[in-house]
């Protein structure tokens, strides 16, 4: 009784929880919304629609759905099952296969790097959110901050014209001054920049010439970054009990805003042009013959679902043992993909209107990533009646989409620490959470200098790339081929009940063959096509690329280091050591004794045995 009262006080667990030491979600909705918030992020809004129009319009949904079934869903289900079965985070979960514990460390470190720059993107969105509280949007025209290249329309430089019976090339000012007419198809335009582009570079970022020119800290971005970390810390200070309630708003309200933007966009002139550009008046089925289209579909599914980042394992570790993680995985994956498609309609309907107003083809106003979120779409919103309202809603949606993904990423780091030092976390949960947020805020200050966008791009390019693919491949290979796929299925059945052979047939085909093959193909493609980062036309200095390589090496080097340490600490000759390190630790199994049954009756209570101990071969006869 005393223990449960203490747990409730620290906020992570309460009297109604099954696992009083670690705590459980207050209810299933908390968990599902946290998963949806983690999986549905900025990429659903600013990357998927762009890929769809680029790869054959509506036809792209075919490879996208196929890759969801073959790679995304199997990995998602596997990670959710793993975390729920052992009630452990992404590092400690590797009691299942001690040799691969470095994979879990890699996941956590990559997640830490990503949280640094992801919150900077949220800070950008917060800045635009606050800037929207003005009668006239500050990026709607070329104001005092603009230079001579800023213009809302294209400016003709010169053209061919007929003068005194001869065709000549003349400046447009000469043509106008003499009441001449340009010959069709001969106009050239001055290199102008739209107000939104100059506002993004000159005002928001105060962007320097490159990574070499760090410049000063942009104070208002630093304050927005501080605010975003304060929000994250406040949402997580009581663990899943507090974050589970916050996501009711942060995960659901973006759908309300998307619906509002879609309804408003659909009523605008030119909206149909944007929708047709997105899905395609006539989808290009022939695109399905191109390998690049299938690669894009697989990559988007993989990163959109947030598999192999450690977050799915961490969030699922707080489930009750007999929760139906199978249905959860399907619900979240389908919701994630449906959100991507839905967001595309909301985005392209308004971009179509922008193209109509500015008399440009839709292809010239469409972009992805930062350019879509902070240049193209703000320009489109500035052309709407009551533009500050729509700008406010859009950037508020971006903030919410980013925050609930950030909640899960930080919870991943905290869960990893909690599993290693549970007593310390019970007593120091709040100060440790705030301390982690404070340290990550300080590390992120380099990303809000005048060279900050180059650092954001650098970390994203190196850390959010093939390092995660390495973790995913080793995760599948380790669990299915070393631990044993059939053994893992028996573990899952302990939670969700006995299932038929036909039920598992699809999952066996994916886990044993298709999913690892697809992941290897994407990994090899990523390594072959890997190139040094650029930001627009700006090249990175040699030392910048070296820093990027150092970051990703620091992330993945723990895989061989931990494997070597485990082998050295094991007993016997080399073969015996390898065998013992490829067997589950003596502490592997369901967290609570009442869930272990006969299969795990031999399990040593983890509180009585240090996690890093590796049992000998004789002690692991299964």
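Here the Cβ of each residue, glycine as well, is placed from N, Cα and C on the backbone.
Taking TrEMBL as the reference, the stretch among 270-292, 362-384, 546-568 described by the feature transmembrane segment is residues 546-568. From the options 178-200, 431-453, 569-591, the stretch TrEMBL describes as transmembrane segment is 431-453.
389-410 is the stretch from 389-410, 465-484, 546-568 with the greatest number of Cβ pairs below 8 Å to the transmembrane segment (246-263). For residue 336 (Na(+) 1 binding site) paired with residue 44 (Na(+) 2 binding site), the C-alpha to C-alpha distance reads 8 Å.
Ranked by CA distance from residue 150 (disulfide bond), the binding-site residues 37, 39, 304, 401, 404 have 401 at the top as the closest. The recorded stretches the transmembrane segment (389-410) and the transmembrane segment (217-237) share 3+ CB pairs below 8 A when only pairs 6 or more apart in sequence are counted, and are therefore in contact. Cα-Cα distances to residue 44 (Na(+) 2 binding site) place 304 within 10 Å, out of the recorded positions 37, 142, 304, 404, 405.
Nonlocal intrachain contacts for the transmembrane segment (330-356), taken as residues 6+ away from its ends with a CB within less than 8 angstroms of a stretch CB, comprise 32, 35-36, 39-40, 44-45, 48-49, 52-53, 61, 64-65, 68, 72-73, 76-77, 255, 258-259, 261-262, 264-266, 268-279, 301, 304-305, 362, 364-366, 372, 376-377, 379-381, 383-384.
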